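**Q** As annotated in TrEMBL:
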COMPBIAS  1-10  compositional bias 'Pro residues'
REGION    1-28  region 'Disordered'
DOMAIN    17-70  domain 'BHLH'
DOMAIN    106-178  domain 'PAS'
REGION    180-220  region 'Disordered'
COMPBIAS  187-198  compositional bias 'Low complexity'
Amino acid sequence: LCHTAPPSPIDPSITNLRKEKSRNAARSRRGKENFEFFELAKMLPLPGAITSQLDKASVIRLTISYLHMRTFASQGDPPWSPLLEGDSNCNKVRRSSHSLATDMFEQHLGAHLLQSLDGFVFVVSQEGRFLYISETVSIYLGLSQVELTGSSVFDYIHPADHVEMAERLGIRPHLRAEAGCHTAPESASSSASTSSLAGTPEPAPSSPHSPADDPPDRGFFIRMKSTLTKRGLHVKSSGYKVIHVTGRIRCRPALVPGSTRSVRRPMGLVALAHTLPPSTLNEVRMESQMFVFRVNMDLQVTYCENR
């Protein structure tokens, strides 16, 4: 019979050394990963005060949206890139002939235009995601630009308006669930009952139409989430505001497979949104045969005009 000696116990100091090496390796990997995310965040077209506060998921979401937006701008018809409109040196010559004050104004021209608009601008992809939304959305809805960019538009509009938005974007019915569009009437009614603005009027439904036969111009009404009260104060529960959306479907030219014929493929919606103020008692026209009275929650009259 052969007898094998039992294995000698591992020295605790060796075990602690291995654990320490493993922790150091993990710490080094996290440090390198955080550095790469930090460098990626600095490349985003956002102020440093915002990018320094972003988590990793937000950095990835905003980066993907920014890359999609570059494709949206360059491949659409007409292209938005100024370098594609002529020689790359013509822009430099034109800029050098202007005064410093004019150059500074043109540098911030986009911000001036956004501040002068009575609303906010947004770009939604064909899949229903915000590729861009102006920072002025916080003035009208109380939502942040960073929060909305890259998110699904269906997460921020009333469930009863999902089909309306999907039709305007040209999303086919079998792809709407994947885009986040909910068509179940029970979900719409339950969400509507929990809205803090229960009296918000429902926009009139539009007739179904084929996006391929429609002109590119769009004009419709939807209800979007808002964290603002009438006085402009932030509240915890989100209500809805009626938004008038006017815009245009942006397309790109594409060749039909096996043919030289060119068609226009929709890429998404470029739109300007105006918020409609909710009606109040002060805006109701009082006729001579009307009078005002007030009741409490028990329907007891607490005030009535003398007439």
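Glycine is treated like the rest: Cβ placed from N, Cα and C.
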**Q** Quick check on the domain 'BHLH' (17-70): DSSP residue counts for helix, strand, coil, in that order please.
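**A** The composition, in the requested order, is 45 helix, 0 strand, 9 coil.
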**Q** DSSP-wise, what's the residue breakdown of the domain 'PAS' (106-178) into helix, strand and coil?
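**A** Tallying H, G and I as helix, E and B as strand, the rest coil: 38 helix, 13 strand, 22 coil.
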